[in-house]
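Pulled from TrEMBL:
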SIGNAL    1-24  signal peptide
DOMAIN    28-300  domain 'GH16'
ACT_SITE  Glu160  active site, nucleophile
ACT_SITE  Glu165  active site, proton donor
Amino acid sequence: MNLRVCCGLLIVCLLFCVAGVSVSEPTEKKKRIPKPPVKAPAGYKWVLNEQYSDEFDGDELDRTKWNNIFPGWKGRPPGLFVAENVSVEKGFLTIKSTPLDPPQEDGKWTIACGAIQSVEQGAFYGYYETRVKASSVATSTTFWLKRRPHKDDEIVKSTELDIMEAVGNAQRFPAFATQMKSNTHVVYRDIPDAEGNPTNLKQGGNTNLPKGKRVNTAFHRYGCWWVDATTMHFYLNGKKVHTIEFPTDIEPTPFDKPMFLNAVCETYSWEHPPIMENLKNDRLNTTRYDYIRAWTLEKIDAGE
């Protein structure tokens, strides 16, 4: 090839580059999501459950996966769930707690809170994790699963698996700002306790955050491997920290049905109400969820 031909080809290539033209469009790299910090049992593998997973990388909530309210529950007074307090921005699910203006129902509701719940009630055995930084006001930051009351072997019950419950500006119980607090509940609607109320069995577990850390000063990873109908292992920043073995006093398999997945910021009746000035400050009133991820175990095919 002579010099004139080489120069011609070089000029053509330069023109393509300047014009921003390329022979093949670059493919967008898919975000790599790490596996759970739990080794899959022999013969199984972890598979991401897309319906209950979200990286919150868009600019609005994915309504095919999440409701921006909590169907059937308005909140706990004085905190009313308001859809406008839920948003997706800058790679985070944000839930704010703000003054409710004007208050509603003759002052019953004075604080606007927020919640999301999965569209489907199909979250079942598997590993669930969020990375979240709590707000710095006296409302909660939570990540949990819930099944509504249902008929189950002639027993009407509701089930709840609280992976984490936190209060960034906890006053009455300061450990809610410095611990990973987990809990489980089964309420048997047709079985009265000694006082005539529905029997509420519960079992919890607590672990301190790394020394000097708080739920509202840094992001932390909170996870749970829901193993079976009685066993749940809990993980803090990728390390197993506590286990709950749920009581089987009433039935042998209390947690044996799928549930909804929730992320909620609410007021608690046992905590001092948040300070209104703090609720007006976006640097204090906002909880940020980096992601929600869910994995299920699948059998490995012989050919894999």
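Positions of Cβ are set from backbone N, Cα and C atoms, glycine also.
In TrEMBL, annotation is done automatically, which means it is predicted and not curated.
Here the active-site residues are Glu160, Glu165, and the one with the most other Cβ atoms within 10 Å of its Cβ is Glu165.
In the predicted model, the domain 'GH16' (28-300) shows an average pLDDT of 96.
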